[in-house]
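Taken straight from TrEMBL:
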- 35-54: transmembrane segment (TRANSMEM)
- 74-98: transmembrane segment (TRANSMEM)
- 119-148: transmembrane segment (TRANSMEM)
- 160-184: transmembrane segment (TRANSMEM)
- 205-233: transmembrane segment (TRANSMEM)
- 253-270: transmembrane segment (TRANSMEM)
- 291-313: transmembrane segment (TRANSMEM)
- 340-361: transmembrane segment (TRANSMEM)
- 390-410: transmembrane segment (TRANSMEM)
- 416-435: transmembrane segment (TRANSMEM)
- 456-478: transmembrane segment (TRANSMEM)
- 490-510: transmembrane segment (TRANSMEM)
Amino acid sequence: MDEIAPTNAKTADGLNNDDLELHAQGYDREMPRRFSLVSLISLSYALFSTWNGYGSSFGIGFTEASSAGSLYSLIIAAAMTALTNAGMAELASAYPVAGAQYYWSFVVSRPDWAPFASYMAAGVSTLGWWLGLASVTNFVAAMILGIAQLSYPEYTITRWHTWLVFVAITWLAVGFNVFCTKWLPLWNKFMRKQSSRHHTQSVPLLTHPSVYFSIITMTATTVTLFACAAPNFQTAKFVFTDTTNSTGWSNDGFAFLLAILNALYGFLGGDAGAHLCEEVPNPKVNVPKVMMYPILMGVISALPFAIALSFVITDFEAVLTTPTGLPLIEVYYQATGSKVATSILMTAFAVCFFGCATANITTSSRQMWSACRDDCFPFSKYWKQIHPRWQMPVNACCLSGTLVTLYGLIFLGSSAAFASMVGACIVFMTTSYAIPQGILAWRGRDKILPPRAVNLGRWGLVLNILSCVWVACINVVYCIPTTYPVTLENMNWISVVTVGIIAFLLINWVTNQKYVFKGPNINFEVLNANAHDFVEKQTETTSS
């Protein structure tokens, strides 16, 4: 059952409390509140795709810390993601606006620095989402061609083949986002009939089904791997205690840290719920849940799958040198001994990962649209438009697809450069999480934050500071090559990509946006009054 609060009562002018709150923050609602709590959690879970993220980068994690290190790094990555997301969840409860980090950075900064801080947060967040989308669609394309290579060994995977499939997957995800809204009214009508006795609201298409399919696929894959590989398993000692470092770096602790950062890929996108907060009722309460629950769901679903991969692997050298280019395909094949079974399992895996790409488009388009409402980026008048028929930011959605397609052209010239660009998504996205939390900790939480449903209390400052320290650590370590000795082929170009993109953002600010972008038009008096009223009502409800 969808556990959401009933729709707020409307005032005389037709606005409910959520819309009044949004109006005080400088905006009017432009899209329907089509998500419920459960459907938004479903979208966030599909976006995390933790078990898919683990599987897609399995070979890297195994090289860095072997079986046990890969498993434990998954748990640590989940814990650190929860730490970072807790601070964002509090900000989302205080300021439930689709701009999220962009908006939070503005309201917690000094007035003279607010536009710049907001602009930089918007820039790194938006670029992070686009690069993240490129990484997901690239993996899906590699899976499709890897399956083809497994079935037809004489076939040779070329870069231009990968790029064509990459482009097709990207625009298929765009199409799902735009055109599936056409079916929402019929789906919602059906769901209301089925769920009216529970007082639930509409559930968007492709949210619940994608979660069901993901969980069923993960469970079926795990069971199949164990059943087919029996009794030729690795020992429990190897699975749970082996942390062999095969990176070439002499420091095992550093190699384990690399494994943790690799595991973070399965927990990216924790801000997704915040970017869709204007499309869910009672966002002050519901959005923080959306930002925290999928982390637990992700690690619980990923661990059995990760353990299964470690138990069934028989030839690690073959996994790393597989002609398909994807270690996961070789692990599946070693376990099942069947090309048909491997192809079926990998196809289901790719479909689940495609759900991640679709959710990424949904979120990145809202991120771009929300910032452009205040003219944060060039040509904002085009990207902030809501299509009257589809009731979504179609232009922003298509912009995401276009830029990701152009990113893909880099792959034709250098796969290493492309890998560095898409790998930078972790740096940019986590940096956007830290910017508002760092400013908040520096300026003083008590004098800035209004009353809110989620209050971290005395732990808030500690969590904000730890989040910033963790992100700083990520940014430094993630720019270091993952293997040693360093060559031109294995060089990590993320630092170059990061400096280049930051320089581009700064030049655009100095030459253009600082004269245009002033930030949202916020009525702080009304906003704080609404916050006090909300907390009082929550207290009365709890006490009664």
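Glycine too: its Cβ is placed from the backbone N, Cα and C atoms.
When the stretches 160-184, 205-233, 291-313, 416-435 are ranked by Cβ pairs under 8 Å to the transmembrane segment (74-98), first place goes to 291-313. The stretch in closest packing with the transmembrane segment (456-478), judged by the count of Cβ pairs under 8 Å and taken from 205-233, 253-270, 390-410, 490-510, is 253-270. Counting Cβ pairs under 8 Å that are 6 or more residues apart, the transmembrane segment (253-270) and the transmembrane segment (390-410) reach fewer than 3 and are not in contact. The transmembrane segment (291-313) is in contact with the transmembrane segment (35-54), judged by 3+ CB-CB distances under 8 Å for residue pairs 6 or more apart in sequence. In this chain, the transmembrane segment (340-361) lies in contact with the transmembrane segment (205-233); the count of Cβ pairs under 8 Å, excluding pairs fewer than 6 apart in sequence, is at least 3.
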